[in-house]
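Peer 1: Attaching a single structure in structure tokens format; questions to follow.
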């Protein structure tokens, strides 16, 4: 933006400075109106509600003239400061440290002055030194405007002013500006009021008013000299300006880490300076008012009047004033709070000063200071590190804040979760243990029951031996098979024992050797035997209390697959009390038995099948169920190659019927119809034609002989009759015919037979008694 007098600044800076200028003007106008109103109320002023700038030139033109004047003044200051910039780094550092601590002292002094009754003290002070103040009004014009701007926006403007004012060559001027930036709006009000009182002198009033206008014209240029130093550059585009702002912002973030290592050494230098200036403080006390600001509302003065440069004497005087303020601050208060904040502000001032110097060097074709560049690089690296630390700190702060807000709920939630996990684990363990215990209990119960049944059954099972082995007249094979077997004590009456066993075990001998589980032996007598049922009853006497009577079960309730135990004496006494386990493999089996060992079956035995291991010597042994009750007596097994675990037992209900008759009668009376028969399956073709047997008949028996006056003869059976059904049941062979007839031994009722005679079918009734 061209503002005349060969000055060009970026448009964005121009707009920003214009807004600040107009804002300050409006603020000053409102402030003056307010002060005038108060003066009217106090009868100290004859002016009321005077509107400032109404008759002045256009605001925009006034702003341009003010800005142009400031730029010219700034260029002169920059040229003067070039010579001083060649000083050594050590001098610059010492100047910075002195400025830093002086600035800190001024700020602390200002804080202490706020607690004093400023209205009375400052009014008196201003009256005594009004002449000194008026003599230095040209120097204080710009400073008065800066004070008012800094009071409205203290942090922003203060940092920008200190950016340039903290240069080593201008430390005195920086001290004055920093002192003024620390003053509050209340100080400005009191000073303005005092000046209003002094304005009663007619010969001085017009001059004071003209100086206020000069202050207003220099307000904006003085606010941010660091920005004005760049105005001689070429106009920056908006992206370049934003990039520059970001770099400056990053440099400000690392301000507190740049000069941290040198603060301890600077403190000693500051103390030396303080002791050096202490003697001269009292001599220059009357010159304090030269630093005050003068406010007036006269718009008729020249707006374009530039600020006057400060002399060396003024700079020395400013330094002495600040040393005095530091001394008073230390005397009034021992508080040290704010040191770090002032140090940080000083760091920012020095940082902006270095940036301004580098920018100025670039504009004039000079290389930046090597130390400043190194510091900038160090700042950038430190900035990155600080950003990472700041991010981690932010996360930590968020977590801490979250924990502080919600820690009771989190603790309760964690407790509930832990409680649920513990209860779940407990319940799972309990359930698991219960299941294991149930399984163990079931297994233990099963095991215990099985063992209990086995132990009880062993006490009721005995070994039966006959004297057949001593009889040399019998075949050796027969003697070896019949010489040993097992028996079951099914009844005990006092010392009398009733033992059931197989008929083929006792053989033809009346006396049997009975050996108990405790290896005691007695001689028993055979009460009776029945070869058709293969059962025998032996009576023995023993006072041994260990021999028990076995419990009797019910064979009519047998279930296929029901578990059973077989207790016997396989292979004789040496293996007595052997227990084997199995299940019921089949029910209602008709097993052909050869009693006399002539390789011809003599009888069909009704039995149930088991798969428990049965060996020679188990004949006559006990078959018990899971309750330990007797359900059968072992009778036979199939001994064939490739056949295993196919054994048969007589149902206990049939055994009870047989042993009852054997106890009382010693034998079983079966019906005898008085016939001899042949199986149809064994007839040849000539024999089939002789009896005129139809071709469809495959099974049955042929009557070969009929006894005279026998039951068959009385019933009308004749030789050559073919019987195919008996008692409503198919007749396969003569074994089946005998089994059906013997099954009616108790009732001896007549049964119906279906026969073929001379090729014709007919039925007859066969009498059984």
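Here the Cβ of each residue, glycine as well, is placed from N, Cα and C on the backbone.
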Peer 1: Looking at 347-367, 368-388, 389-409, 410-430, which stretch does Swiss-Prot describe as transmembrane segment?
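Peer 2: Transmembrane segment, as annotated by Swiss-Prot, spans 410-430.
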Peer 1: Could you list the residues of the same chain, at least six apart in sequence, whose Cβ is under 8 A from the Cβ of residue 619 (active site, charge relay system)?
Peer 2: 485, 486, 501, 502, 504, 505, 568, 634, 635, 636
Peer 1: Mind looking up the mean pLDDT for the domain 'PDZ' (680-733) in the predicted model?
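Peer 2: Result for the domain 'PDZ' (680-733): average pLDDT 85.
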Peer 1: Quickly jot the same-chain residues contacting the transmembrane segment (410-430) by Cβ under 8 Å, restricted to those at least six beyond its ends, or write none.
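Peer 2: Same-chain contacts beyond the ends: 403.
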Peer 1: Under 8 Å Cβ to Cβ from residue 534 (active site, charge relay system), same chain, six or more residues apart: give me those in sequence order, or none if nothing qualifies.
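Peer 2: In sequence order, 502, 503, 504, 593, 595, 605, 635, 636, 650 meet the Cβ cut-off.
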Peer 1: Tell me the Cβ neighbour count for residue 504 (active site, charge relay system), meaning other Cβ atoms within 10 Å of its Cβ, over all protein chains shown.
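Peer 2: Summing over all protein chains shown, residue 504 (active site, charge relay system) has 24 other Cβ atoms within 10 Å.
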Peer 1: Three-state secondary structure of residue 619 (active site, charge relay system) from DSSP?
Peer 2: coil
Peer 1: According to DSSP, which kind of secondary structure is residue 534 (active site, charge relay system) found in, if we only use helix, strand and coil?
Peer 2: coil
